[in-house]
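TrEMBL has this to say about the protein:
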ACT_SITE  Cys2  active site, for GATase activity
BINDING   Asp97  L-glutamine binding site
BINDING   Leu257, Ile289, Ser364, Gly365  ATP binding site
SITE      Glu366  site 'Important for beta-aspartyl-AMP intermediate formation'
Amino acid sequence: MCGIWALFGSDECLSVQCLSAMKIAHRGPDAFRFENVNGFTNCCFGFHRLAVVDQLYGMQPIRVKKFPYLWLCYNGEIYNFKQLQKQFGFDYQTLVDGEVILHLYNRGGIEQTASMLDGVFAFILLDTANRKVFLARDTYGVRPLFKVLADDGFLGVCSEAKGLINLKHSTSLCSKVEPFLPGHYEVLDLKPSGKVASVELVKFHSCKDEPLHAACDTVEALPSAGFDLETVKSNIRILFENAVRKRLMAHRRIGCLLSGGLDSSLVAAVLLKLMKEININYPLQTFAIGMENSPDLLAARKVAAHIGSEHHEVILNTEEGIQAIEDVIFSLETYDITTIRASIGMYLVSKYIRKKTDSVVIFSGEGSDELTQGYIYFHKAPSPEEAAEESERLLKELYLFDVLRADRTTAAHGLELRVPFLDHRFTSYYLSLPAELRIPKNGIEKYLLRLSFEDSNLLPKEILWRPKEAFSDGIASVKKSWFSILQDYIDQQVDDLLLEKAAEKYPFNPPKTKESYYYRQIFEKHYSGRSSWLPHYWMPRWVKATDPSARTLKHYKSATQE
């Protein structure tokens, strides 16, 4: 996890522009480099490093003697760099996983490069010999990337939008800063002036398609095909374990977020099992956050005891959570309601990990709800086919919601996130299964995933079959949800008259509640005029919902009602 930043064709002094690169310093607390491009005095790279792999030679932009005309700045982890080296006979000059991008590009061009990378990534690749600039981002946008391209060909690229919004340029840039689309690469011509012109934007991978790199995966082919239940369950276990195993690549200590829900519990259990198998000689630290005796804390305690992790509990108090709201919104660069609610706990637990422990590489359960139909409203899906379509829509939009939350809240404290549920092979296999197999069954969401691990003894039965609890609700008490606590506080902060005129002040995605208005005010304070970064609010489908919390849906039953 690092922070990348680059400018091409800047008319302003680069030493002034460089100040914008410092806005993402939190992403790489270990080192910083600012480097001009030879022969292009108005082009430069900025890089903030979190040293996780090859601590000696990992600074960027990466340049190697074999390809003196290539410059690479990337944020991510490429899990199959050793397999690719073996398959194609690449001669690496460093231990950095990202070096494979240079070799792949030299061998087969940008299309093959992006398609063959098994991992999470956002990169800027400059080829001065052919006068090309390439941008690319992984399938689900696990690693963030923003760009701004002015009419005159000035290009700015950064891991977070905050590193671009204050750039100096002769024309206005504010409305043009936008997220780079996941699963895409862009080709740009580099002119002698240092300016660029976009040539094409190409989608190189869709979540349903088996990735091109599957051919050189550690699990080359599944032992059995077909959709009978036992075969499917076995394949799910094989691919999920493989997804966790490949993500063990790190020279820094590994930890795991643990809410006590199905997803994070499965990740933690498989992670600890594999760490023992490869003789990692330190205990796995797991981390839970919640108010005293909240459902998440109690469930996480059970899981930690069952798997034998070194467990840490962070007690959330209301005042601390409320005080963090503005910092969270600044980090997130969004005003989405449910994203902000869920981010407060994740932001504070990440802060604790950074300050109190030496864990840096943090595993988490993001992506499972979207992939395995884990949201409560999936019970209301009109048909298995519509549920499958909704699952794909959610996966495509992860970069706007849960993946955005997970990246920014951890990156704000210099941690690196790893999300095995979004492994390319695991997701493409799960989405290839018949729609009927993937829907909730017997009133239980994620039924197939739970069933696949039922006989594994990885988790206590009550955790494996624990109903869905939204992270922003599970951290609070059963009697009062976290969203209710936030709403009570905000009710005193926003006047009724302000809310009545909200649509006039904010015509795009107008706030409908005081809570939404409060978040929007803070967002506009930091990112004025950039509301289009969020195309729409996250809300459940097929139900008459006015709030995104699962606890407002009829299907949800709290323990006090049972």
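Sequential numbering from 1, following the chain as shown.
From the backbone N, Cα and C atoms, a Cβ is placed for every residue, glycine too.
Residue annotation for ATP gives Leu257, Ile289, Ser364, Gly365. The furthest Cα pair among them is separated by 15 Å. A count of other CB atoms within 10 A of each Cβ picks out Glu366 as the most crowded of the recorded positions Asp97, Glu366. On the backbone, the CA of Glu366 (site 'Important for beta-aspartyl-AMP intermediate formation') and the CA of Asp97 (L-glutamine binding site) stand 23 Å apart. Each residue contributes its Cα atom, and for Ile289 (ATP binding site) and the residue listed as 'active site, for GATase activity' those atoms are 25 Å apart. Cβ neighbour count for Ile289 (ATP binding site): 28 (other Cβ atoms within 10 Å of its Cβ, all protein chains included). Asp97 (L-glutamine binding site) and Cys2 (active site, for GATase activity) are 13 Å apart (CA-CA, integer value). Geometry remark: the residue listed as 'L-glutamine binding site' versus Ser364 (ATP binding site), CA distance 21 Å.
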